[in-house]
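Comments concern the structure below.
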Amino acid sequence: MPPPLQRIGVAGAGAWGTALANAAARAGREVVLWGRDDRAIAAMRATRENRPYLPGVALADGVEPTADAEALAACDAVLLVVPAQASRAAAAELCPHLAPGTPLVTCAKGIERGTSLFMTQVLAEACPQARPAILSGPSFAVDVAAGLPTAVTLAAREPGLAEALAAALGSSSFRLYHSDDVRGVEIGGAAKNVLAIAAGIVGGRALGASAAAALIARGFAELARFGRAFGARPETLAGLSGLGDLILTCSTAQSRNYALGLSLGREGGLHPAGKLAEGALTARVLVAMAQAQGVEMPIAAAVEAVLAGHWNVDQAIGSLLARPQKAEL
Ligand SMILES: NC(=O)C1=CN([C@@H]2O[C@H](COP(=O)(O)OP(=O)(O)OC[C@H]3O[C@@H](n4cnc5c(N)ncnc54)[C@H](OP(=O)(O)O)[C@@H]3O)[C@@H](O)[C@H]2O)C=CC1
Ligand SMILES: O=C(CO)COP(=O)(O)O
């Protein structure tokens, strides 16, 4: 039996990092929660709450907030929980503090702009001495932080690593399935955010429950086409990190991506200020990668055109409905 991963570092003290720190503590681990903002960390230590990001949720016993990256050196595994576009900079900054061979688990959902790299590829470049893995699935931070039942996927290519991480982080309320299909898991999380913006637009324009269901089904067809073109396994795309997260994020304004779409869909709507909506940052690179591979993604392309200001919402909806009839593939 390999020794357990007892001490877990969580790097990134936003909503999801704080929720995962609570989940790991509930699983019986000692948890270091690192954030870059000294004053925010001091407040968290004093109040045992992350007020700006998760107000009203107590930090679990066993979570130690710190602004000292050196505290990650003694961790058996580190979860990197910062936005996708910040993941390279954060991994490069923290890497010198990690022991060689530390498992480094990206929890971000996106594709890097400029390089078109998936999240574990970014980790491999920014911190080559770490062992990359990814955690993704249908999971709102507020639910996980509060200990509500949640299931996600943890994937790593290295044999045994995903199982070991899942065993370290899993509890009766946080269930982790393990996988070696890293690419499938990272594609599901990145693509569903773009499609959730479209679902929000459908909600904001009050197009009805039937249109909302059609959007999820046709959105999944796009996600699956893109996934197949980039080597993902169909069962991963239809699993928690793909279809599961697509359904969650396309269903409620609790999702920041859906909320962005909702606001775009309402007359004169604007982007809710200050909230991270990863789909808005991934849309262009996702659509460009699809086009380069000859993969049709009309819904994602329409979202991209609206975000870029090339189309208004009515033009986007009209263009999707005016597409020629075709076989359902
Ligand atoms: N919230 C959720 O329910 C879920 C989120 N995710 C994914 O997790 C990722 C993070 O999201 P979330 O936690 O919600 O985002 P938040 O906006 O809540 O928090 C982001 C955190 O990252 C920190 N950060 C940003 N850039 C850097 C950097 N260069 N170095 C160090 N820290 C940095 C921010 O610090 P500061 O406060 O100083 O700006 C902040 O603490 C996203 O990819 C998201 O899609 C996945 C599942 C669920
Ligand atoms: O990824 C999430 C749920 O699984 C969170 O979604 P949002 O980033 O849209 O809030």
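All residue numbers here begin at 1 and follow the chain in the order shown.
Glycine residues also receive a Cβ, built from the backbone N, Cα and C atoms like all the rest.
Among the candidates Arg36, Arg39, Arg256, the one that TrEMBL lists alongside Gly12, Ala13, Gly14, Ala15, Trp16, Gly17, Ala141, Lys275 as binding NAD(+) is Arg256. The NADPH site recorded in TrEMBL comprises Trp16, Arg36, Tyr53, Ala141, Arg256, Leu276, Glu278 together with one of Lys109, Lys326, namely Lys109. Cβ neighbour density within 10 Å is lowest for Lys275 among the recorded positions Arg36, Lys109, Lys192, Arg256, Lys275. Within 10 Å of the Cβ of Ala141 (NAD(+) binding site) there are 22 other Cβ atoms, across all protein chains.
Closeness to ligand 2 is met by none of the binding-site residues Gly12, Gly14, Ala141, Lys275, no Cβ falling under 6 Å from the molecule. A distance of 7 Å separates the Cα atom of Asn257 (sn-glycerol 3-phosphate binding site) from that of Glu278 (NADPH binding site).
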